[in-house]
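What follows is a single structure, written as structure tokens, with notes after it.
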Amino acid sequence: MPDTNPLDDPAADPFAIATAAAADIARLTGVERHDIALTLGSGWGRAAELVGETIATIAATDVTGFSAPALEGHVGTLRSVLTPRGKRVLVIGARTHFYEGHGPRRVVHSVRTAAASGARTMVLTNGAGGINPHWKPGQPVLISDHINLTGASPLEGATFIDLTDLYTMRLRDLARTIDPSLDEGVYCQFRGPQYETPAEVQMAKTIGGHIVGMSTALEAIAARQAGMEVLGFSLITNMAAGIQTTPLSHQEVIEAGREAEPVISDLLARVIGAL
Ligand code: 8IG
């Protein structure tokens, strides 16, 4: 099937396409508006199951502007979930990564669509490498801030957006009321898809990073542009290259995610329940 996407037309307005996508979601799920959006990263795939009752599950490819999933473990569905306290959560299991090479518009389309469907809170999760040597694979940490090392931005033209308190203290504090042991750190988004060299991990550490990954920062920028409040979680699935001495494997990442599943599922459900 040819890969055509309206976002690839430079003359197209990505916000108009997000509005069309939100209308698709309302029609296909039967849920007109959502309060919260949740993007599921590596290891978090089943973590949404305790968040509430799934009202509808739709294929992302049936929604305007969404791309087919690039990778196993990245589920290409969108779900409308109803929490016990009556909040509507749009669960995005269809992340497009910057390393896929389709540009930032496609990367942040799910975020803009969530905003267009009414969401005021964006919860971004990912699987990532840990630079902090005290962290263990399978441990979730809060994202306190990010360093965008992609050289890219979802903002087009002279769009100056303030990123002070991007991952708001308010939401991090709220998460810590659920689990006071949650640690936090600065997330460095690399382009990928290769993992870092040990020298690149040392660079990230030197410039103030604690977590290395390939997502989230561009999405958080777009969320803030859309006026959303952002909460970010990294599941540390591996120690970053050179912090651990053995080579990194995708299999290791999947296994750490599987083992962490019950703990992070419970955490995520309780945090979202408290939003
Ligand atoms: I899962 O060690 C996962 N994603 N950049 N580095 C980067 N991305 C990751 C890593 C990692 N682990």
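Even glycines carry a Cβ here, placed using N, Cα and C.
Here TrEMBL flags 36-272 as domain 'Nucleoside phosphorylase'.
In the three-state DSSP scheme, G127 (phosphate binding site) falls into the strand class. What TrEMBL lists as phosphate binding site is S42, H74, R95, T96, H97, G127, S215.
Its Cβ placed at the centre, N238 (purine D-ribonucleoside binding site) has 23 other Cβ atoms within 10 Å. According to DSSP, N238 (purine D-ribonucleoside binding site) sits within a strand segment. Taken from TrEMBL, the feature purine D-ribonucleoside binding site applies to E196, N238.
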Open item on the list: I'd like to verify something. Among the binding-site residues S42, R95, T96, H97, G127, N238, which ones have a C-beta closer than 6 angstroms to some atom of ligand 1?
Closed with: S42, G127, N238
Open item on the list: To the nearest Å, how far is the Cα of S42 (phosphate binding site) from the Cα of E196 (purine D-ribonucleoside binding site)?
Closed with: 17
TODO: Mind giving me a neighbour count for R95 (phosphate binding site)? Other Cβ atoms within 10 Å of its Cβ, every protein chain shown.
DONE: 27
TODO: Average the per-residue pLDDT over the domain 'Nucleoside phosphorylase' (36-272) and send me the rounded value.
DONE: 93
- [ ] Counting other Cβ atoms within 10 Å, pick out the least crowded of the binding-site residues S42, H97.
- [x] H97
Open item on the list: If I take the alpha carbons of S215 (phosphate binding site) and N238 (purine D-ribonucleoside binding site), what is the distance between them in whole Å?
Closed with: 16
